[in-house]
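Novice: My questions all concern the structure below.
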Amino acid sequence: MLRRVTVAAVCATRRKLCEAGRELAALWGIETRGRCEDSAAARPFPILAMPGRNKAKSTCSCPDLQPNGQDLGENSRVARLGADESEEEGRRGSLSNAGDPEIVKSPSDPKQYRYIKLQNGLQALLISDLSNMEGKTGNTTDDEEEEEVEEEEEDDDEDSGAEIEDDDEEGFDDEDEFDDEHDDDLDTEDNELEELEERAEARKKTTEKQSAAALCVGVGSFADPDDLPGLAHFLEHMVFMGSLKYPDENGFDAFLKKHGGSDNASTDCERTVFQFDVQRKYFKEALDRWAQFFIHPLMIRDAIDREVEAVDSEYQLARPSDANRKEMLFGSLARPGHPMGKFFWGNAETLKHEPRKNNIDTHARLREFWMRYYSSHYMTLVVQSKETLDTLEKWVTEIFSQIPNNGLPRPNFGHLTDPFDTPAFNKLYRVVPIRKIHALTITWALPPQQQHYRVKPLHYISWLVGHEGKGSILSFLRKKCWALALFGGNGETGFEQNSTYSVFSISITLTDEGYEHFYEVAYTVFQYLKMLQKLGPEKRIFEEIRKIEDNEFHYQEQTDPVEYVENMCENMQLYPLQDILTGDQLLFEYKPEVIGEALNQLVPQKANLVLLSGANEGKCDLKEKWFGTQYSIEDIENSWAELWNSNFELNPDLHLPAENKYIATDFTLKAFDCPETEYPVKIVNTPQGCLWYKKDNKFKIPKAYIRFHLISPLIQKSAANVVLFDIFVNILTHNLAEPAYEADVAQLEYKLVAGEHGLIIRVKGFNHKLPLLFQLIIDYLAEFNSTPAVFTMITEQLKKTYFNILIKPETLAKDVRLLILEYARWSMIDKYQALMDGLSLESLLSFVKEFKSQLFVEGLVQGNVTSTESMDFLKYVVDKLNFKPLEQEMPVQFQVVELPSGHHLCKVKALNKGDANSEVTVYYQSGTRSLREYTLMELLVMHMEEPCFDFLRTKQTLGYHVYPTCRNTSGILGFSVTVGTQATKYNSEVVDKKIEEFLSSFEEKIENLTEEAFNTQVTALIKLKECEDTHLGEEVDRNWNEVVTQQYLFDRLAHEIEALKSFSKSDLVNWFKAHRGPGSKMLSVHVVGYGKYELEEDGTPSSEDSNSSCEVMQLTYLPTSPLLADCIIPITDIRAFTTTLNLLPYHKIVK
């Protein structure tokens, strides 16, 4: 599969995978750091983690301000103050919102753009979004701003922010930003519901769509001094810690949290990016506070010592990721002295202990680095708000002109080409991974490709190499049962594409049999590439890609402003003015010679092979310095080396893809055939199913969303049934991969999810050809079958998937928590054991037959579709599957146990002996509550968010991931505080006590809260809930969440807003005290890592030196230490504990 991105998805810190490929990547163990969502330019495998500040990772990108080292605006104006403004007035006439016509934008984009260059050299892009303003221009008053409906979007930053989770609908929520395998469970849990809940609820913790800013400094980790590895990343952290004008250490975060905002930063190889968003009313003040990072940050010594620990925790979280390990190993292959070989992360050793030993003053060096490299003429700034361009220009000029310009040239690494032109590169590297996986990655180091952005040669090659249709590499390997997934291309991170080189990688997830034939797999890749080289670039293929990308750009949906500005500030460093918005998406010119030049370098003699497998253990005698990766270096076997060096034959089964029949050509907006409604209405209701429908009349794009939930009571009857269902959905996905791939690349996306209570089918894209894809999916479902070879291949991979989920502390902690709370839930360990006990193909086919025989089907169709067409979708499902209705109505949730009063602790050992990371969650159960109380809980957690981060992370330095969470567990409310820590630094019980200490201090804090501060927070939450949707997908997600949970409260936000308006400070204080008092129901879950502060069962300190995981997947309960022994009730057998508890009634939060 190739990588595809939209304009928003390119953003550095949002490393999401394409929905169509994410579940495959996860199941098959591909470590993807993709930044894709809907489509556009190809993105490769792997996109790897890089250091970031606190909520997301950094990306590595390309270097110079422009490909030719020029400013964006050779012919553009410099922003002026005072009298010079009249000159600009004459240039644009009297319009206060006239944009720059030379900036090419999508016809669907309502925003206006203006480029300015300040007198200090800083370049800025101003974005005015006055859409939905009903003719308003200019500055609105504060009163208007208070009443104005404002927009927002989702935010994926969960490590320090308040979260709202639907536990019943979550998969594994706390995405580890450094863990590329965080989606391993996408095909094995009801992640469809988790994603919906996270998207819908994350919107409530983000900001107004209209107000966001991002600044890119054109310097990154390549500039790290040799004696202080990680200094650039550390500086990115430290500028947040107070400024001369605003000295409070956590002041900026506190200001944003108070006004519904969020912020983040990321360090790249040659760039560093900062971004934030906030309610429009507070945007100017936020800009002023934020600009102080670059004007006069304090960086006091005391803060330095504490923030080193945050950087170190970030590094510790990154260590168990195979993607990060592979990246560090790959970098170590660079020739000596090349910056690709640097340790970008930094840790306590490189930033504190070693400097002290060598009499290096980190504080002084940090300030020197800031003065040398944080210069205004290296910076590109993007601001977006619902203000006029003139207003934004005035603000930016006034605030950001204060950033100093040192006049020094930016460091240039462009002369350091060919970093991997070494004898060690063209070898076979065997690597022992953390997870259970077989994977082969073939990599070539090419000359820098950024200057060819108008042709995008690597995108063209990725399109073909990553194709999954007939004649493709993956199609051939799947037929042999040697491979499960393939990702190819370049991720456009700075690690993969910079001023010194560009990478092209092909990574293949192998089956057990494929591992045994990995040389043949590599040979198949080389045969395909030789076929492409022999044919040469094909204009038909190029034009097909261009047409698809042009369609997507023309009908582009709006995106989250904070992601958008982040992407744009990086684009300003890469593309000329006219291509800022298009340079990363569109194919402009067909130049076969440019494509051919890149293609002809992809030969076996220049390839690096990395083979990941647990079978390599014992064969690898080398160890990478920073991440401890075990590996070995071998020459390519002589017989294969000789074959690859010869004029080998082509494979007749490998050929170019046929013409794509799924590309849309009809973009007509359809007329209504029934009355327009604000919310979905039920247009079909039968014993076999029902259908909800809403015709879009807001976004006016020729796209549609189709969602169906095929509900069956059969799934949850046993752990074996749950596993059979997982196998079924994954084989169905496997069967569809080849025939549906053309639809996927034509922007028609689909996803099949093995939900807790049924099969979830999601389809979206241009409505013209969408019915073809939907019918294809239902046809394959109706005619489901599997060969013994495919069954064996899928079950073996599923064992690895379950294992890889369980060895992550955060996902094991969730599994344990939900196993305690949800009655009759089958845990991941139960599923793993059922799979290990053995299941047959016959049992699968029998299960599928029974599953399809009796169902209730519930659907939602929204977008550019008529009601008649919508009903046809449901009719097709019913007619094709020909099933009987369910005998009785089936709840789509679990029953939840009622926790006894008191503090209960379940403490278990992590399953990865090489992982120091621990996860500590303290949960308070509330019970069956009303919608009003649910909203009050949201408000509580919103108040809790910033002080929680400040106390537990900033001051106590307990860990990198620290956050409070609202929890909705099958309709039962609660809240929790989670800290990710390390056993090399803290005992989990110490962390638990610190969480309790925080909660006690928080009680005092809210008691002393002023009415003004309380009302400010209420207003902020109301604003977030009032925000209009940015694009149709957000509205669909929110409505689908109501359908799939069978709550149907489509105007939920309006009810929550009304509830918020009725709250008083005493409501908040009393609610919190009631849940913290003597009768509180408290559950602590500890997953304990390996390190000197944690003990083994025999009382000896545990060690994290091992690189292995437990082969027997079972919970190891740990005793409570004297620290908590007097105040807690230990849980040492979950089943025994829960069988004694009462069950709460099924409950839905609808009143």
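The backbone N, Cα and C atoms fix where each Cβ goes, glycine too.
What Swiss-Prot records for E236 is active site, proton acceptor. Residues or ranges marked as Zn(2+) binding site by Swiss-Prot: H233, H237, E314. Residues annotated as compositional bias 'Acidic residues' in Swiss-Prot: 141-198. Residues or ranges marked as phosphoserine in Swiss-Prot: S86, S94, S96. For 53-108, 133-207, the entry in Swiss-Prot reads region 'Disordered'. According to Swiss-Prot, the feature signal peptide maps to 1-20, an assignment based on sequence analysis.
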Novice: Please report the distance from the Cα of E314 (Zn(2+) binding site) to the Cα of E236 (active site, proton acceptor), rounded to the nearest angstrom.
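Specialist: Rounded to a whole number, the Cα-Cα distance is 13 Å.
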Novice: Ranking the binding-site residues H233, H237 by other Cβ atoms within 10 Å, which is at the bottom?
Specialist: H237
Novice: Fill in the CA-CA distance, E236 (active site, proton acceptor) to S96 (phosphoserine), as an integer in Å.
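Specialist: Counting only the Cα atoms, the answer is 36 Å.
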Novice: Count the Cβ atoms, other than its own, that fall within 10 Å of the Cβ of E314 (Zn(2+) binding site), considering every protein chain shown.
Specialist: 27
Novice: By the DSSP assignment reduced to helix, strand and coil, which category contains S96 (phosphoserine)?
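Specialist: The three-state answer is coil.
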Novice: So if I draw a 10 Å sphere around the Cβ of S96 (phosphoserine), how many other Cβ atoms end up inside it?
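Specialist: Around S96 (phosphoserine), other Cβ atoms within 10 Å: 17.
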Novice: Roughly how many Å separate the Cα of H233 (Zn(2+) binding site) from that of S96 (phosphoserine), to the nearest whole number?
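Specialist: With the alpha carbons as reference points, the distance is 39 Å.
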Novice: Do me a favour and check the Cα-Cα span between S96 (phosphoserine) and H237 (Zn(2+) binding site); whole Å is fine.
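Specialist: S96 (phosphoserine) to H237 (Zn(2+) binding site), Cα-Cα distance: 37 Å.
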